[in-house]
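Straight from Swiss-Prot, the features:
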ACT_SITE  Lys10  active site
BINDING   Pro95, Val96, Ala97, Ala98, Gly99, Leu100, Ala101, Gly102, Gly103, Ser104, Ser105  ATP binding site
ACT_SITE  Asp137  active site
Amino acid sequence: MRLSIKAPAKINLSLDVLYKRPDGYHEVKMVMTTIDLADRIELVALPEEDAIRIVSQNRFVPDDCRNLAYQAAKLLKETFSIRQGVAISITKHIPVAAGLAGGSSNAAATLRGLNKLWQLGLTLDELAELGAKIGSDVAFCVYGGTALATGRGEIITPIPSPPPCWVVLAKPPIGVSTAEVYRNLELERVSHPDVDAMVRAIERQDYAAICRLVGNVLEEVTLKKYPEVAHIKEQMKRFGADAVLMSGSGPTVFGLIEHDSRMQRVYNGLRGFCDQVFAVRMLGERHSLD
């Protein structure tokens, strides 16, 4: 049996870090939404063997236990004593190490797909609980749509989708270590976004307020260390984006744009100096088990 599943990227419309917890994780409060930039995950059952095989044409995708999709398959096999293998083919469209949860989305898609392939009968809530053991963003990626994420990111409260608009993304040719960004974050010196106000703006579909309220506390670290990220932000604003923000720990920057003509201007302007530029829409729907 063979299954093909989309694994969409996410952006953070608002990201706040509240404090460092005794368990070493950071308590966060953030609004995330999925966008129409997605990897493709293909699962092929291997009933005659017990292996997990990762295949990808992208040389930056690990084919062993470092891969979150591999970890998702291994977790299901061990939890439910599955005695058959699976080949996981990953076609990458989401940039790697970009702050867009590409690896987490691959893991979430693998959980959803293997739930069907192996006929486990798990609910999305049960899959999200398993996903949280793999990574903080995996639980959100199991559900998709738009949500308020709290705890270390694994406590998911769905909220309505934002009003439709274009999302233009640009990633500079650098990688950013999420762990290093958190290590260098000085919470007493940063400006904290109003996440609750963002939720209310989304609930009343107030595009102008959403644009005013975007905020990411991690910018305080990444923009200082990587001036190319700050440069992309400046250029995106100059070209006319309605709101501009770094996603996650970076380095990808996104702009929200309401009108087609302005989106084209921003997209074309960024293509002049940045190789990885995308123009996509937000995804309104949460994932289903069908």
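Numbering starts at 1 and runs along the chain as displayed.
Cβ from N, Cα, C; glycine included.
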Fill in: Sequence-distant neighbours of Ala101 (ATP binding site) in its chain (C-beta under 8 A, six or more apart)
Ala9, Lys10, Asp137, Phe140, Cys141, Gly248
Practice prompt. For Lys10 (active site), name the DSSP secondary structure in the helix/strand/coil scheme.
Written response: strand
Item to complete: Measure from the Cβ of Ser105 (ATP binding site) and count the other Cβ atoms within 10 Å, all protein chains considered.
Response: 29
Item to complete: Show, in sequence order, which residues other than Pro95, Val96, Ala97, Ala98, Gly99, Leu100, Ala101, Gly102, Gly103, Ser104, Ser105 on the same chain lie with their Cβ within 8 Å of the centre of the Cβ atoms of the ATP site.
Response: Ala9, Ile94, Gly248
Discussion item. Using a Cβ cut-off under 8 Å and a sequence separation of 6 or more, which residues in the same chain sit near Gly103 (ATP binding site)?
Written reply: Asn67, Leu68, Ala69, Val96, Gly135
Item to complete: Could you check the recorded positions Lys10, Pro95 and say which one's CB has the fewest neighbouring CB atoms inside 10 Å?
Response: Pro95
Fill in: For Ser105 (ATP binding site), the three-state class that DSSP assigns
helix
Worksheet, complete the sentence: Excluding its own, the Cβ atoms lying within 10 Å of the Cβ of Gly99 (ATP binding site) add up to 29
Discussion item. Counting Cβ atoms within 10 Å of each candidate's own Cβ, which of the recorded positions Ala97, Asp137 comes out highest?
Written reply: Asp137
Worksheet item: What three-state secondary structure does DSSP assign to Ala97 (ATP binding site)?
Response: coil
